[in-house]
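A.B. asks: Below: one structure in structure tokens.
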């Protein structure tokens, strides 16, 4: 038998930042995190307050903003805390909780991007039937179903990880408890964990990405049948924001998991993890607000109504 130690805590390696630059990066990450919180909260509030945004697209967008807000909050507070103190430990239960919520909100973003792509497909290819196909009841049920799927999927992987045994090495080579890193630390058999990750990754990453590509292929095909400058402009104005977010989200995932790793794979994994846990959630509100007339008009209406009330 191997000598096994009951692990009560893990040590997060953190980001490879020189000591003299810690304060600078702490301030940078704090500003990025606060920007993420405020930007996504603004979208959620606007969608709730402005009746003209009570549409399927903005239902999905508000849930995406909530998911982004929580996704960043899973890792950033602990990272900021560790940068201000010498104690980088995280309790065993806290590590599993971080892994669970990281998967919940990461999966939810992937699902919501598919739902938003389908919404754009119906709006452009079947405009006369849009309200009947994308009914409020259907969209609400779809969002609830997606939350149930993501929480169940995350719970399955978390429970499988909880059954693993860990030996003396408890240093997590990342700034948060990533499931892949935890499996490398386990000294018990991880075959079931790896098998389920492979199966579920196919279902939750590859298939959603394929569905998004298919939706936009149908949109492009529909536009090409009746080519016009107005039609092309409509597609870009309607889908540009969503395509930008899809590119950011899946671009980082492809860069992290599909590109070959070099000698500095740990640093690369941390950088890519920062991209999709911090940078992408921060940029999403700017992408949707700067390229979306409805959001700009809604913001003006809400501000004007507040002035009238005051």
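Glycine residues also receive a Cβ, built from the backbone N, Cα and C atoms like all the rest.
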A.B. asks: From the topology recorded by Swiss-Prot, do residue 134 and residue 270 fall on the same side of the membrane?
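C.D. replies: Result: no, residue 134 and residue 270 do not share a side in Swiss-Prot.
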A.B. asks: Looking at 271-290, 291-310, I want to know which stretch Swiss-Prot calls transmembrane segment.
C.D. replies: 271-290
A.B. asks: When you check the transmembrane segment (195-217) against the transmembrane segment (99-118), do you get at least 3 Cβ pairs under 8 Å, counting only pairs 6 or more apart in sequence?
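C.D. replies: These two segments touch.
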A.B. asks: With DSSP, how much of the topological domain 'Cytoplasmic' (49-55) is helix, how much strand and how much coil, in residues?
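C.D. replies: Summed over the topological domain 'Cytoplasmic' (49-55), the classes give 4 helix, 0 strand, 3 coil.
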A.B. asks: Just going by other Cβ atoms within 10 Å, which of the disulfide-bonded residues 95, 187 has the emptiest spot?
C.D. replies: 187
A.B. asks: Under the DSSP assignment, what numbers of helix, strand and coil residues are found in the topological domain 'Cytoplasmic' (119-137)?
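C.D. replies: Result for the topological domain 'Cytoplasmic' (119-137), in helix, strand, coil order: 16 helix, 0 strand, 3 coil.
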